[in-house]
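Down below is the structure, laid out as structure tokens.
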Amino acid sequence: MARSGGNDGHEEELDPELFEEPSNLEGYEDGEFEEDEEEFEEEEEELEEEEDEEEEEEENVTTDEQSGSPKSSQPVKLQSSDVLDCPTCCEPLKRPIYQCSNGHLACSSCCQKLNKKCSFCRCNIGDIRCRAMEKVIEASIVPCPNAKHGCKETTTYCNQSSHEKVCKFVRCSCPVSNCNYVSSYSNLKSHACSTAHVWGEDDIHFQLVIDRPRIFNMNLGRKKTVVFKEEKEGDLIVVQAFKGLEGVYVTVNRIAHMAPGIRDLSCSLAKLNEYSTLRSGSLVKKIQKVREKMHLEDDLMWIPPKMLSGDHWKMQICIAYGYKFIHI
């Protein structure tokens, strides 16, 4: 046993365990205890999710406790909804929301794009959650923008765009060039079938029967849009042609809302030439108004220059319900 000399000249016995190396440090030099950066980030995300769940449970408990108290919550009206938007990208804030040491806010997406640097003061941001603002966002309930047209749905402020995409009361515009009629999908169909609807001289339009092919002409020199009205239901199908550097692109869309409940339409399209035919099949996409420019996400039929003879050519179309493509 080790001994140590004291001030009085006597030796004291020391516990040998004090001089033993800790067993839990074995392998430290070999790097066995080094944490992988990706694993650390995953653990951090899991901790954040657990914190969110615990926070929601605490909020529910608090709400239950407060429900029995005489003081009840009251709705609050904001003068401007801008305070609920990310000050950097101006999009609605949603959890997780972060703040820098100076109190500036940013959404999770902006934190990543700016490499965790505050866009206002350049301080670090992306580690400190702003729980208070997250509670405000979750409690912010707004009516649908189409409430005045009959929609009774309400959503949180950060999720209103998701509802707008599938709202059946969304405004649909008549595709006829000289008509300014805007209303719901059902009203638009009634409008197209009524005698009050007037087709202009420059508007190219045809009646259309489901499952029955129809030949029509397109003339890029005069009009790049052809409108078909389905004979029974009154659905409006819009065929548009867009000139490109490498030929012409043709799209087929339907004026309708995106809400579930209406049957999908499929389209079989053919470009007719004297010695050859170009065919294409796709689902008919729903839009709310005629587009002035081509969208790359649309299903397109590409017609190469060698199949074009001037601005006037002949095409054939067949519309069917569901995923049904008819060879034409």
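Note that the numbers count up from 1, one per residue, in the order the chain is shown.
Heads up, the Cβ atoms here are built off N, Cα and C, so glycines get one too.
Annotated in Swiss-Prot:
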- CYS144, CYS151, HIS163, CYS167: Zn(2+) 1 binding site (BINDING)
- CYS174, CYS179, HIS191, HIS197: Zn(2+) 2 binding site (BINDING)
- 10-20: compositional bias 'Acidic residues' (COMPBIAS)
- 27-62: compositional bias 'Acidic residues' (COMPBIAS)
- 63-77: compositional bias 'Polar residues' (COMPBIAS)
- 1-77: region 'Disordered' (REGION)
- 136-324: region 'SBD' (REGION)
- 86-122: zinc finger (ZN_FING)
- 139-197: zinc finger (ZN_FING)
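Across the zinc finger (139-197), DSSP helix (H, G, I), strand (E, B) and coil residues number 23 helix, 10 strand, 26 coil. Here the zinc finger (86-122) has Cβ contacts under 8 Å with residues 48, 52, 128-130, 133-134, 137-138, 157-161 of the same chain, all six or more residues outside its ends.
Taking the Cβ of CYS144 (Zn(2+) 1 binding site) as centre and 10 Å as the limit, one finds 19 other Cβ atoms among all the protein chains shown. You'll find the Cα of CYS179 (Zn(2+) 2 binding site) roughly 24 Å from the Cα of CYS167 (Zn(2+) 1 binding site).
Looking just at the zinc finger (139-197), the mean pLDDT is 88. For the zinc finger (86-122), the number of residues in each DSSP class (helix H, G, I; strand E, B; coil) is 6 helix, 8 strand, 23 coil. Cβ atoms within 8 Å of the centroid of the Cβ atoms of CYS144, CYS151, HIS163, CYS167 (the Zn(2+) 1 site) belong to the same-chain residues PRO145, ASN146, ALA147, GLU153, THR155, GLU164, VAL166, PHE169, VAL170, site residues excluded. All protein chains shown were included, and the count of other CB atoms within 10 Å of the CB of CYS179 (Zn(2+) 2 binding site) stands at 16. Contacts of CYS151 (Zn(2+) 1 binding site) defined by a Cβ separation under 8 A and a same-chain sequence distance of 6+ are given as PRO143, CYS144, CYS167, LYS168, PHE169, in order along the sequence. In this view, CYS174 (Zn(2+) 2 binding site) is surrounded by 20 other Cβ atoms within 10 Å of its Cβ, with every protein chain counted. When the Cα atoms are compared, HIS163 (Zn(2+) 1 binding site) and HIS191 (Zn(2+) 2 binding site) turn out to be 26 Å apart. Summarising the environment of HIS163 (Zn(2+) 1 binding site), the number of other Cβ atoms within 10 Å of its Cβ, over all protein chains shown, is 18.
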